[in-house]
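Novice: Below are the features I grabbed from Swiss-Prot:
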type: BINDING; residues: 48-51, 169-172, 192-195, 210, 257-258, 347-348; note: NADP(+) binding site
type: BINDING; residues: 134, 135, 136, 137, 138, 139, 140, 141, 278, 279, 280, 281, 282; note: substrate binding site
């Protein structure tokens, strides 16, 4: 536990020019109510981290979402999840949030409400744990709340459905493929051919080359023009157009991870579009600019708590596994390089992870 005379730490924080930097005088988060203080052992860089620039940057707010670490201190109301000091945990927090500026993953210490924490089994390292949070939280929100897919992991649907995950080699993609298989469904996916074996190892029943001009026809044939659900992990206008074209004649549901194109949505009224923002699963206010602003949502927090409980059971039973990693040296000092590599699209089929400290 940090000494109470120690109230500052090293952390990656926002700057006044819309960028970020490593500071050595950031405050350690205060612990109250159901919050838990965690000594960070590893962090991973996610696409959302690379997008928080300009108006999405709050000066001096701590950045970062995905982390793993050791429980250092429990708030007085953190009594419902069986956590104790010394437990190995991982999850995601909302970094660069004006409504909660002292909390972010890219720091020596972070803090989270107890019910969003995943307990790491002995078989999973801190580095692997740092890849789990935002991917599995976002996938659960997208699949089982936004799309409303029947069944749940540990409670499989009675009738398997063929479901498309566009971008299956992404971290959200591999998480979604596993969750769909555990929910009793038949996941198919698109990715580059060099990632076919990867996505199949995570549960894809079949994989299609998104660059092949015949892929849309192949998927329509594969699904007998009856595809009802599509999760778009790439979330561009072109990926949305692809998903809209392969959803079956009777229509269905489409969910992306970024705001979708209203113009594409107008092309098929029988398809119901939605988009989700993974950090909103915590139910807290996220004070980013529109359209990413989220008010406090207790109903969403309840879903988040229930979903985290499911993930904890899946981890305990070793039914889900982490995304592949690129482990990099340098800790917090090298976060900027990871962000730049993501922006330059230099990373495919792996998540950048930085171990911190000893």
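Each residue, glycine too, has its Cβ placed from N, Cα and C.
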Novice: Taking just the CA atoms, what is the gap between residue 193 (NADP(+) binding site) and residue 278 (substrate binding site) in Å?
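Specialist: Given the Cα positions, residue 193 (NADP(+) binding site) is 28 Å from residue 278 (substrate binding site).
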Novice: List the Cα distance (Å, whole number) between residue 280 (substrate binding site) and residue 171 (NADP(+) binding site).
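Specialist: Each residue's Cα considered, residue 280 (substrate binding site) and residue 171 (NADP(+) binding site) end up 18 Å apart.
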Novice: Which is it, of 136, 210: the one of these binding-site residues whose Cβ has the most other Cβ atoms within 10 Å?
Specialist: 136
Novice: Using Cα-Cα distances with a 10 Å cut-off, which of the binding-site residues 136, 140, 278, 282 are near residue 171 (NADP(+) binding site)?
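Specialist: The binding-site residues passing the 10 Å Cα test are 136.
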Novice: Here are the binding-site residues: 193, 278. Which has the lowest count of other Cβ atoms within 10 Å?
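Specialist: Selected from the binding-site residues 193, 278 on minimum Cβ neighbours within 10 Å: 193.
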Novice: Judged by the number of other CB atoms within 10 angstroms, which among 138, 171, 280 is the least packed of the binding-site residues?
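Specialist: Minimum Cβ neighbour count within 10 Å, taken over the binding-site residues 138, 171, 280, occurs at 280.
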Novice: Determine which residues of this chain, when 134, 135, 136, 137, 138, 139, 140, 141, 278, 279, 280, 281, 282 are set aside, have a Cβ within 8 Å of the centroid of the substrate site's Cβ atoms, and list them as they appear in the sequence.
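Specialist: Other same-chain residues with Cβ inside the cutoff are 92, 133, 142, 276, 304.
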Novice: Which of the binding-site residues 48, 51, 210, 347 has its Cα closest in space to the Cα of residue 134 (substrate binding site)?
Specialist: 48
Novice: Between 48, 134, 282, 347, which of the binding-site residues has the fewest other CB atoms within 10 angstroms in the structure shown?
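Specialist: Result for the binding-site residues 48, 134, 282, 347: minimum number of other Cβ atoms within 10 Å at 347.
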Novice: Give me the Cα-Cα distance between residue 278 (substrate binding site) and residue 347 (NADP(+) binding site), rounded to a whole Å.
Specialist: 21
Novice: Please report the Cα separation of residue 48 (NADP(+) binding site) and residue 136 (substrate binding site) in Å, rounded to an integer.
Specialist: 14
Novice: Can you tell me how far the Cα of residue 51 (NADP(+) binding site) sits from the Cα of residue 136 (substrate binding site), in Å?
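Specialist: With distance taken Cα to Cα, residue 136 (substrate binding site) is 19 Å from residue 51 (NADP(+) binding site).
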Novice: Please report the three-state DSSP label of residue 171 (NADP(+) binding site).
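Specialist: DSSP assigns residue 171 (NADP(+) binding site) to helix.
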Novice: Under a criterion of Cβ-Cβ distance under 8 Å and sequence separation of at least 6, what residues of the same chain contact residue 140 (substrate binding site)?
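Specialist: Sequence-distant Cβ neighbours: 179, 281, 307, 310, 311.
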